[in-house]
Structure formats: C-alpha cells, structure tokens
Amino acid sequence: MSYAVKEMFYTLQGEGAQAGRASLFCRFAGCNLWSGREQDRHKAVCQFCDTDFVGMDGPGGGRFASADKLAARARQMWDETAAGENGQPYIVCTGGEPLLQLDPPLIAALHAAGFEIAVETNGTIEAPAGIDWICVSPKAGSELVQKAGHELKLVWPQPPFALEQFEPLAFDRFYLQPMDGPYVAANTRLCVETAMARPKWRLSLQTHKIIGIA
Ligand SMILES: C[S@@+](CC[C@H](N)C(=O)[O-])C[C@H]1O[C@@H](n2cnc3c(N)ncnc32)[C@H](O)[C@@H]1O
Ligand SMILES: Nc1nc2[nH]cc(C(=O)O)c2c(=O)[nH]1
Ligand code: SF4
Ligand SMILES: [Mg+2]
C-alpha cells in the first residue's frame, strides 16, 4: 500500500519516558477521532488535539508509493541530520493516528533500514507485532483496544476518565501529561499534585513546546 505522510522531521522526543532522545518523527496524515478540520472540532471524539495532520504538504511530507520508499527516505533524513553511526536510528511514528497506516510491511522496511520503531497511538487500533516502543494515549469517548505497551501517557484532566481505570493495565510506565490549551497552567498544577499523591504516575511535560523546537 502507499502511505500518506504529513511531515517528517528530525528533533528530540519531547514527551514521556524517551524525552530528550534524538528522533526522526514521521507524522502520518489522518486520524480516526477527528477530521482535522477546525469546523469539525466541536463534534469530534477527540477535541483537544494540538496537531495539524491534514494533507501531505509539510516538510518531508508526501505520498510514498511503497514501504521501501518511505523507509529509504527516513533513513536518508536520519543520515543527513544525525551522525550516521553514532547511536541507534530511532523513528517515532505519530500523526494523526499512525496505526491507520503503519502496517507489517512498513515495520519490516523500517527495521531493515536500521530503525528502532516507536509509535504514538490513541489506542483504538491494535498495534501490529514488531513495534519496539508503544506509547498509548487514551481518548475519552473512544474504545481502548491496545491495553498493553511500554508507556501509557494520559492527557490530563480528561473527564470522565479516572486514573483507577488505567492502573491495572499492562503498561511499564504511567504518565500524566497536562492538557495544553487555555488551562495548561492549572492542568500542569493538577498533574504535579496528582503525581505526588499517586506515585505510580509520573509527570510528562511537552518539553519541545517549552524550549521552542518542533
Ligand atoms: C497528536 S497525537 C498523535 C498520536 C495519536 N493520535 C495519539 O493521540 O496518541 C501525539 C500526542 O500528543 C498528545 N496531545 C495531543 N493534543 C494534546 C494537548 N492539547 N495537550 C497535551 N497533549 C496532547 C496526544 O495525547 C498524544 O500523546
Ligand atoms: N518534539 C516532539 N515530541 C513529540 N512527542 C510526541 C509528539 C507528537 O506529536 O506525537 C511530538 C512532537 O510533535 N514533537
Ligand atoms: S487522536 Fe491523536 S491525532 Fe487524533 S485528534 Fe486526538 S490527539 Fe489528535
Ligand atoms: Mg506533538
């Protein structure tokens, strides 16, 4: 199949357990919980999205006709920007919802190109086998299907979610990430207080926004 990519860019992972790690971000176009159009936001399942994932017009974006072509371009970008042999090439597949497109042929092609593969997913689609780092970020009003992974990163607060419903799930790490938007300061204070009251949870800040990188 072909792949619709909004943008590909080299930066530091800003969030969660891998924050600070050099990463090639591949942002797939499209999401199953919002059209991405502002006029639809109020009726979307997920209404707080901070991302433009519509179209293929961003830097490094486009339609890739095959898994091999996408993987080759990703590896080329990694080698142009990172020191090729210094460190494990790391690609973060995000979106939009990456699991609408990240399929076994693309996982195989990215591995063959030398990448460790991470995914940022809303958890509504079962992750295919072979992904090296699964970050699930559940969305209220959607069905959580992917109930295991390396980190659960909950944007908080998100009524009617309660933390107790996630604590039994099979994730290695649990993060609270303040919901960005008009109440980000109050949301950050709440996450700090909650992480201190419930040590199973740790604070995840969107550090790329704080320091002003992509
Ligand atoms: C844009 S999403 C794309 C991946 C996938 N669709 C998902 O929701 O996990 C990437 C990450 O940003 C988080 N995010 C989106 N909007 C946010 C906001 N307003 N404040 C904090 N985190 C947000 C998501 O929860 C997710 O962890
Ligand atoms: N630096 C940086 N880190 C991120 N972690 C998750 C992101 C995402 O949009 O999926 C993201 C992003 O957009 N930029
Ligand atoms: S599920 Fe992810 S990409 Fe889709 S609208 Fe929500 S935060 Fe944005
Ligand atoms: Mg982002």
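Numbering starts at 1 and runs along the chain as displayed.
Each Cβ is built from the backbone N, Cα and C atoms, and glycine gets one as well.
Whatever TrEMBL says is automated annotation, not expert-curated.
Under the heading substrate binding site, TrEMBL lists L12, Q13, G14, R27, T94. Per TrEMBL, the feature [4Fe-4S] cluster binding site maps to C31, C46, C49. Residues or ranges marked as S-adenosyl-L-methionine binding site by TrEMBL: F48, C49, D50, G96, S137, P138, K139, Q177, P178, M179, D180. Summarising the annotation, TrEMBL assigns Mg(2+) binding site to T51. What TrEMBL lists as domain 'Radical SAM core' is 18-214.
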Does DSSP give D180 (S-adenosyl-L-methionine binding site) helix, strand or coil?
coil
Cα of G14 (substrate binding site) to Cα of P178 (S-adenosyl-L-methionine binding site), in Å and rounded, measures 13
Taking DSSP as the reference, which of helix, strand or coil describes T94 (substrate binding site)?
strand
Of C46, C49, D180, the binding-site residues whose C-beta sits under 6 angstroms from any atom of ligand 1 are C49, D180
Which of the three DSSP states, helix, strand or coil, fits S137 (S-adenosyl-L-methionine binding site)?
coil
Could you say which of the binding-site residues D50, D180 has its Cβ with the most other Cβ atoms inside 10 Å?
D180
